[in-house]
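Following: one structure in C-alpha cells, then a few remarks.
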Amino acid sequence: MPCYTVTVATGSQWFAGTDDYIYLTLVGTEGCSERTLLDKPLYNDFERGAVDSYDITVGENLGDIELVKIEKKKYWMHDDWYCKYITVKTPSGDYIEFPCFRWVVDDKEIVLRDGRARLPQDDKTRVAKQHRRKELETRQKTYRWKEWHPGFPMSIDAKTHKELPRDIQFDSEKGVDFILNYSKAIENLYVNQFMHMFQSSWGDFSDFERIFVRIKNTISEYVMQHWREDFMFGYQFLNGCNPVMIQKCTQIPEKFPVTHEMVADCLERDLTLEEELKAGNLYIADYEIMEDISPNATDPCTTQYLAAPICLLYKNSQNKILPIAIQLSQNPGEDSPIYLPSDNQHDWLLAKIWVRSSDFHVHQTVTHLLRTHLISEVFGIAMFRQLPAVHPVYKLLLPHIRFTIAINTKAREQLICENGLFDKANGTGGGGHVQLVQRAMKTFTYKSLCFPDAIKARGMESQEEVPYYFYRDDGNRVWEVVKSFVTDVVNIYYASDETVQEDDEIQAFIKDVCSFGMQDFDYCGENKSLHIYGQMNEIYFSFSSKLMQYDWCSWIPNAPPTMRKPPPTNKGQVDMQFIVESLPDRGRSCWHLGAVWALSQFQENELFLGMYPDEHFFEKQTKKAVETFHQKLSEVSKLIKNRNEGKKLPYYYLSPDRIPNSVAV
C-alpha cells in the first residue's frame, strides 16, 4: 500500500510546542487520505524546536498532493502551536514542501498549499482557486481596517496587542512593553534619582552630564563636545537623526527677509547673497509644519512651548554646511527677529537650540511615527487582506512587516494614546503629535516614499555639490541593490506589465493601500508594478532613523524634547540661565533619555536586511536572486565600513548589516 512520510517542524520560539492533538489530511488530485492523528507511542510530539516524522499509509496513490490540512484539538486546555513547515515524501520519493510559519490556535484548522509561488491566473484547478478565495475571505474578516484618528492612515482594528491575530503578535509581549522598557532604561542609566524632579531645572550644561555619563559612546560623546559649533549644527542636516529637512534654496522666501548685509560676514566667495543663491550655495530648512501646533498642556505646573523656525544654510568654500540666519517663526516682524552668527553668543545658541527642538519633533512624529511605522502598517494590513500565502509578492513582503502591526498597536496602547508615555516628556504630547500627523498626511505623496525621488525633490541629488551627504549616498546604494533584487524576483513571476494588470489580487492590494489605508489622500498612479518596488524600498529606508536617536538625541541640549520658555522676541535679553531654564527639567530629561535609549535598541533576535530564516521561496531562480541580493548587500556593507575607517563621525546607519528587516521598535 502507498506510504507517505510526513515531516512536521515546530517553531523554536517560546511556547511554540503543544500537547494538543494534531491531525493531518493529505488532499491529492486522485483522492484524500484519512484524517490521521500524528502521535508516536511513548514520545512527546511537537515539542519546541522539534522536527517529527510520521508515516501515513493509504489504500491507493493520491496523485499530485495539492493541499495539506492540519487540525488541532484540545487535549486538556487550549495550547497554541507554531508550525514552521510540513514536508511530504511521496511513494515515488519526491519531496514536497508546505511552508506554514503560522500559529494554530484553539480547535482550528489550517489548510496549506505547497511552497511554489503562483499568481491568481496561474491557478487552473477548482481546488486551488477555491483555497485561494477562502484564504482571503478568512483573512479579510480577521484583518480589518479601523480609523484611529481622523486624518491618520488607517490601522488594524485592535485596541490592544492581545486582540491582534496570533500570527502577528510578538512572541513575548514583555519584550515590547514600553512602560517596562522605559523604566528599565531609566534604572539601567542610573537616572531614576532625578525622576521625581519635574519642574526642577538643571544648574548649567555641565549638569546634564550627570545623566549622560552612563551612556556615552563615540558619536554621542562627540555630539556633547561639539554641539554648540555651527559645523556640528549644519552637519546634522545631512547626516544626523533627521536628514530629510534640508533642501536647496532657489529663492529667499518673503516670509524670511534675509538680506546680504545681514550675512555678508558669513559669505566666503566675494559674492553677494543673491549671487551665492544663483551659484547653488544656499540651503534651507523650513519647519512650517510646526506652525500653530498645540504645545503639551498635560502638566498644569509646567507651560511648554513650540516653534516653527526657518533656517538658512550656507555651503562654504570647504563644502561645509553652516547656518547663517534663523527666524523662530513663520511671520517676520519686530517680535520675530532674524538671528545671526554675529549676534550675542547666547542669542545665537538659543536660536539653534530651538531649531534642533523643532527638528526633533518633526523627526519623532512625521519621519519616524508616520512615515516609518504607520505607513508600513498600511501596506502590511493590505498584504494580509488581499494577497494569499502563495502569491509571490506576499512572500516578498512578509519578512519586512514582521511585528510591525504589533509594535504599532502597542504604541497606540501605551505610547501615543491619551495620557500615554509620549505626554510625559514631549512638547507635542497631549494632542500636538496628532495634529502633526494629520497635517503631514495632507501633503503626503506616494512618490515621497521612493528614495531617489525624495532626494531629488529637495534638490540634494548632486554628489559634486554636496559631497558629504552620506545619508543620500548610502541610501542610494542600498536602494539600487534592493531595487535590483525586487526587479529580479518580480520578473520571474510577471512576464510583462500586462501580467501585472491582469493580476486581480495585486490590483486589490493597491486599491486597499490607496483607497482604504491612505483614505485616498494620495493618487497612487497608473503603473501598479511600481508600488511593489516602492513599498519594498520604503520599508528598508524608513527605520534607520530610530537607530540614530541615541547617538544624536541623548545629549539633551542638542535635541530638546520640549522647551519651557517661549521663543525670545527680542535680541540681547538671553543669558546662560535663561537658556538652561528653557530646556527640559530634570524629570522630563530622564524620560527623554529612557525613551531614546529604549527606542534605539535592537530586538533580542533582530533580523537584518536580507536575513530570511523562514524559507518562503522554493524556485531555483528566486533562490539565486536571494543569493545575489546577499552578495550585493555584503559589498555595500564593506564599502561603508572602509569609508568609516578612522572617521571621528562614522556614518553606518544605512549599512545593510545594521538595517533591521522590518519596523519592530
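Cβ atoms here come from the backbone N, Cα and C positions, even for glycine.
Among the features that TrEMBL reports, domain 'PLAT' is placed at 2-118. The annotation Ca(2+) 1 binding site is assigned in TrEMBL to G17, D79, D80. The Ca(2+) 2 binding site annotation in TrEMBL covers D39. TrEMBL lists W103 with the feature site 'Essential for stabilizing binding to COTL1'. Under the heading domain 'Lipoxygenase', TrEMBL lists 117-665. Residues annotated as Fe cation binding site in TrEMBL: H368, H373.
Known features from TrEMBL, placed on the structure.
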{"residue": "G17", "record": "Ca(2+) 1 binding site", "Cβ neighbours (10 Å)": "21"}
{"residue": "D39", "record": "Ca(2+) 2 binding site", "Cβ neighbours (10 Å)": "13"}
{"residue": "D79", "record": "Ca(2+) 1 binding site", "Cβ neighbours (10 Å)": "17"}
{"residue": "D80", "record": "Ca(2+) 1 binding site", "Cβ neighbours (10 Å)": "16"}
{"residue": "W103", "record": "site 'Essential for stabilizing binding to COTL1'", "Cβ neighbours (10 Å)": "21"}
{"residue": "H368", "record": "Fe cation binding site", "Cβ neighbours (10 Å)": "22"}
{"residue": "H373", "record": "Fe cation binding site", "Cβ neighbours (10 Å)": "24"}
Using Cα positions only, nearest of the recorded positions to G17 (Ca(2+) 1 binding site) (D39, W103, H368, H373): W103
Average model confidence [pLDDT] within the domain 'PLAT' (2-118): 95
Cα proximity to H368 (Fe cation binding site), best match among recorded positions D39, D79, D80, W103: W103
DSSP helix/strand/coil residue counts for the domain 'PLAT' (2-118): 0 helix, 60 strand, 57 coil
Rounded inter-Cα distance in Å - W103 (site 'Essential for stabilizing binding to COTL1'), H373 (Fe cation binding site): 24
Pairwise Cα distance for D39 (Ca(2+) 2 binding site)/D79 (Ca(2+) 1 binding site) [Å, integer]: 16
Rounded inter-Cα distance in Å - D80 (Ca(2+) 1 binding site), H373 (Fe cation binding site): 28
Non-site residues, in chain order, whose CB comes within 8 A of the mean position of the CB atoms of G17, D79, D80 at Ca(2+) 1: F15, A16, T18, D19, D20, F46, W81, Y82
Length of the line joining the Cα atoms of H373 (Fe cation binding site) and D79 (Ca(2+) 1 binding site), in Å: 31
